[in-house]
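Here is the structure we will look at.
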Amino acid sequence: MKGVKKLNINVKRTLSILEITVGFILICFALYLDVSGSEHSMRGTILTAGALLVILGVYCIPTRKHRAIVNVLFLFPLVFAFAVTVLVPFALGIFYSFTNWTGIRFTEFVGLDNYIRMFRSRDYVYSFVITFIFTVFNMFLVNLAAFSLALLCTSNVRGKNFYRAAFFLPNLIGGIVLGYVWQFIFNKVFTSIFAGSASMLTDPNLALLAILMVSTWQYAGYIMMIYVTGLQSVPKDILEASGVDGANRWITLFKIKMPMMANTFTVCIFLTLVNSFKQFDLNLAITNGAPSRILGLKPVSSTEFMALNIYKTAIAKNEYALGQTKAVVFFVILAIVSLTQVYISKKKEVEM
Amino acid sequence: MKKAKTYKLITEITGIILSALLLFPFFLVVINSAKKSADIVISPIALPSDLGQVLENMKNVINNQNFSYWKSFGSSLLITCTALLLLTLFSSMAAWVLVRNRTKWSNVIFMMFVAAMVIPFQVVMLPLLSTFRSFSSFTGISMLSSYKGIIFAYLGFGGSMSVFILHGFIKGIPYELEEAALIDGCSPEGTFFRIIFPLLKPIHMTVIILNGIWIWNDYLLPSLMLGLNGRIKTLPVAVSSFVGSYVKQWDLILTAALLAMIPIVILFVIAQKQIIQGMVEGAIK
């Protein structure tokens, strides 16, 4: 019995070593084809097959370190995908922002030139400012709307579940599709209800208001559900005690419920802050930056937020290095916001 | 007593008015999908005279070359489902290793995943395109405008949040459960797949919903990787490409929007509770 087992292990070991060797040879062969410039269509398949064989071989090899091998193999797929799609491009992106990158290659370092050019360009500074204005208003409106809706949905009104679902629904449908629908509403429906009026999307200020409206409409239902969870987590006995003490509805709301859910407010405010700042889909589908506003005798796109500005700089104007530089600044701002959030919630935890 | 009653009445009325207002855009989409272009010009808020027109419009849109509904729907479904399946599997595996294997390296990897949640897509999208392009031309595995490329990208982008959520959950599972299995002679991978993985079901729901809604509705990544008029289109890309080629043909555009909304609305009606719960839980964490 013991002999058979030993034989088995030997067979297994030989097999897995064979698999690793064959896999390795296949990988080398595929890489040789790549380097030698051959356009053979099977080289991708050979590479993948080789890699899979090596993985299988490593997995099957009988050893005391099996646990460690399993650990590495379990981590590998996700870490590999993460490194290739996030880490490497992120590092490259920061690097490219200091070069004259064209999207395909770069020829020289330009130092801070891109950054200087960016802050000197009128459309970027404008887009910077308008994004902040939008973010502040949107944050305020979404939270106000969401909290009011949450109060409605936690009151003893009939059909609460229907309301929750109805308010939540817009958030499930993509910003692109909703954006086109709203473009129709602004251009056709509103101009037909208020007969004779021009479309909101032709005036720079009203167009911003239009995006704010849609963004609040789309997002409030989601934030509302977080507020509902917060409101429901206020302990019942405290509410009962305050009722006995004669606190009315409003006092209960402002003096008890709201202070008790301070954490929920922090979460919601930062969530809306980050998401408003990153707004892209609605911006693209509703106005695509239009209409233009005359600023110092030159036109700029009046509703082009930063995300759209980055996209247009790189994809439409083909200025990859400049677009990438704008994206790096975009990232830095978001990182600062997130660190502030972490700092605030850590501080709150200590206080509690 | 009377005051309470008026108060209740006011909330009831507010609720009805508000929900009617907030759902009005959907109503507009439905009624205008059932009109001819000329009828929309006359009045976009009038009820349609002939409901059969909606089928006529749908037929036009579904067979349209830029939209090709069934094909884009299939692509969206394939991309979303495969990405979710792999994401759930791989991020559970990774999170489990990161929780149970307390070394310096696992801490570093976990912190990297957490920190990467701050990185916006905009800062990686341009280098990502060029990396994928050179990878494709070097190895011959096409990453741009292919299913495997975009699924791989979603794996990378969805990974950090999924690992973060799963990490927190797996920490709460007592190690004794695994220990017992290991002593009984179960291999580590067997322990994971037989004992831990089934326990993760509730949190998998959250991970799937959060990532599913995002991947299904995502526009920027597929539009960049697959192209607006490429061979493969997801639904949002198809809608956008359709709008680009049929400017101001609102009857058809709204029908396309309606068709793009229907699948998710159906899903929401079926799994309303889980979807809301999943998305809220994901936000709080």
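Cβ coordinates come from backbone N, Cα and C, glycine included.
All TrEMBL annotations are machine predictions without curation.
According to TrEMBL, the domain 'ABC transmembrane type-1' annotation covers B:73-271. The transmembrane segment annotation in TrEMBL covers B:9-31, B:77-99, B:108-129, B:149-170, B:191-216, B:252-271.
Taking pairs at least six residues apart, the transmembrane segment (B:252-271) and the transmembrane segment (B:108-129) share fewer than three Cβ pairs below 8 Å and do not count as touching.
Touching of the transmembrane segment (B:191-216) and the transmembrane segment (B:77-99) is concluded from the presence of at least three CB pairs under 8 A, sequence neighbours closer than 6 excluded. Counting same-chain residues at least six beyond the ends of the transmembrane segment (B:77-99), those with a Cβ under 8 angstroms from any Cβ of the stretch are 106, 109-110, 147, 150-151, 154-155, 158-159, 162-163, 166-167, 170-171, 192, 196-197, 200, 204, 207-208, 211-212, 215-216, 222, 234.
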